[in-house]
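Visitor: In case it helps, TrEMBL gives these features for our protein:
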- 11-137: domain 'EamA' (DOMAIN)
- 38-56: transmembrane segment (TRANSMEM)
- 68-88: transmembrane segment (TRANSMEM)
- 94-114: transmembrane segment (TRANSMEM)
- 123-142: transmembrane segment (TRANSMEM)
- 148-279: domain 'EamA' (DOMAIN)
- 173-197: transmembrane segment (TRANSMEM)
- 209-227: transmembrane segment (TRANSMEM)
- 239-258: transmembrane segment (TRANSMEM)
- 264-280: transmembrane segment (TRANSMEM)
- 337-360: transmembrane segment (TRANSMEM)
- 372-393: transmembrane segment (TRANSMEM)
- 414-438: transmembrane segment (TRANSMEM)
- 444-468: transmembrane segment (TRANSMEM)
Amino acid sequence: MKAAKVHLSDILLTALAPMSWGTTYIVATELLPPNHPLLVASLRSLPIGILLIAWLKQLPKGIWWWRILLLGSLNIGIFQALLFVAAYRLPGGVAATAGAIQPLLVVWFSWVILHEKPSKRSITAAIAGFAGVGLLVVSPAARLDGVGILAALAGAATMGLGVVLVKRWKRPVSLLVFTAWQLTVGGLVLLPIALTIEGSITHLSTTNLLGFVYLGVVGTGMAYALWFRGLDKLKASAVSYLGLLSPVVATSLGFVLLQQTFTLIQLFGIAIVLISVLIGQQSNQSHQPNYTPHSSSHSLIKVESQSREKLLRRRSMTRQPEVQVNLQKEELAIRKAGALSLIVSALSLGIGYFTLPVWFEFPTSLVNRLAFAIQASLFVLLWVLVGVMMVSMGRRKSLADVGGAAAGPPSDKIAVQVAFLQNTLEQAVLAVGAYLALATLLSGPWLSLIVTAVMLFAVGRLLFLIGYHRDHRGAQGRALGMSLTMLPTLAGYVLAIALIIIPS
């Protein structure tokens, strides 16, 4: 079954919702009345929901009464209450880290409820995203509160279930009406509980009112409309990965506006989160059928039951590509990718040199510089580990490859994974050598070049893998990723050699 075409605009518009939710943490602590998380959650949802219903003049019918009651409670009422409890009791990044488990939960809920079998890519992206968000809060100043962490985890679970149920039931009305119903129900569910537990707010300042208006209109009304629109256009799991952008925004705002600590490790965490979001969006490109027809299963079993000797003989034969490769076209594509990578690399290295030293203090002593280079190299070698895991998992699921490398060359089933591992290993060895050499020759702000090179390496590997999957017969698909990985390393060697042979 062919999946509907996904447009980049749909992904970007949906991403605006979690990005606006990322501002909730700083708005709650700086603009809203303290000690009223439940009432604040109700007041950010209920007024805008009632206004929309009064304007649109449409109510649920039949079975949708209880469905909206459940969806409004999961997506708005319970989730917002838990979100504000976490926001008041934890730093923004810590609260968002616990909530970053949502993509894993959505993958599981989608498997159970929607019968969407999780792919290795989606699980890997979810775990990487959770780990990346965790790195955002590696700070001695980060305080942990048990109640706040439980609230963030529970909030991730409730909204994760709500996301999948919205996808399962499909909205019966327009986007604005559907959003208005849930906002109103969520606010009504919370209001009596909030008034009973917390009481009313005795005084509202102008700052408080501005905070409520922002959260109601932008952080709730517009954000949820975009979120539910995204659930119409994208897969539930792909939408959940975009939620990882919320802690990135929260942590960045805390650093910019509240002078919260921000370390080099947190910067790598942001890079990992962004990469996991990109990987997660790849699940939109292919549709996993909910079931496999009997005839297809029978054919697959029949093919896999062939003797290994026959498979090896077939693989050893010289095969002609199914599609004729145009060498001139390939060469032109490689040159274009190289030129684009050169521009991107030069701009990135320049921007990194002028901005990173403002945020971070780089080491000056030789021992500390070498330690810094080794630590940076770890993030490059992680991509080798990713390649090893991909090949290992592929071999376990292929009769032709389960015997390992000693039994023969890889089959087509894992050819891309093996090629990715081999190329990544080569590139990683070269990159680590360049980082160590530069660490012995450069000091202070100049070490920011290594940080930028590591980021470009990660982006390059990701683009290389995606391009290889799309076009494994030609060089066009992987040219950009390959050149973006290689050029910073090549520049590092040129700079190191120049510093060695040219007298200072």
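The backbone N, Cα and C atoms fix where each Cβ goes, glycine too.
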Visitor: I need to check the long-range neighbours of the transmembrane segment (68-88): which residues 6 or more away from its ends have a CB within less than 8 Å of a CB in the stretch?
Guide: 21, 24-25, 28-29, 34-35, 37-38, 40-42, 44-45, 60, 95, 98-99, 147-149, 151-152, 154-155, 158-159, 161-163, 165-166, 169, 181-190, 193-194, 224
Visitor: Could you tell me how many residues in the domain 'EamA' (148-279) are helical, how many are strand and how many are coil under DSSP?
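Guide: Going by DSSP assignments, the domain 'EamA' (148-279) contains 110 helix, 0 strand, 22 coil.
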Visitor: Could you give me three numbers for the domain 'EamA' (11-137), the DSSP helix, strand and coil residue counts?
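Guide: Split into helix, strand and coil, the domain 'EamA' (11-137) gives 101 helix, 0 strand, 26 coil.
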Visitor: Mark yes when the transmembrane segment (337-360) and the transmembrane segment (372-393) have three or more Cβ pairs under 8 Å (sequence separation 6 or more) and no when they do not.
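Guide: No, since the transmembrane segment (372-393) and the transmembrane segment (337-360) share fewer than 3 Cβ pairs closer than 8 Å, they do not count as touching.
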Visitor: Does the structure show the transmembrane segment (209-227) and the transmembrane segment (264-280) touching, where I'm treating 3 or more Cβ pairs under 8 angstroms (sequence separation 6 or more) as a contact?
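Guide: Checked: the transmembrane segment (209-227) vs the transmembrane segment (264-280), no contact.
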Visitor: Is it the case that the transmembrane segment (173-197) and the transmembrane segment (264-280) touch, counting contact as three or more CB pairs under 8 Å in which the residues of each pair are 6 or more positions apart?
Guide: no
Visitor: Give residue numbers and ranges for long-range contacts of the transmembrane segment (337-360): same chain, 6 or more residues beyond its ends, CB-CB under 8 A.
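Guide: Residues 262-264, 267, 444-446, 448-449, 451-453, 455-456, 460, 476, 479-480, 482-484, 487-488, 491 contact the transmembrane segment (337-360) from elsewhere in the chain.
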Visitor: Any contact between the transmembrane segment (444-468) and the transmembrane segment (264-280)? By contact I mean 3+ C-beta pairs closer than 8 Å, pairs at least 6 apart along the chain.
Guide: yes
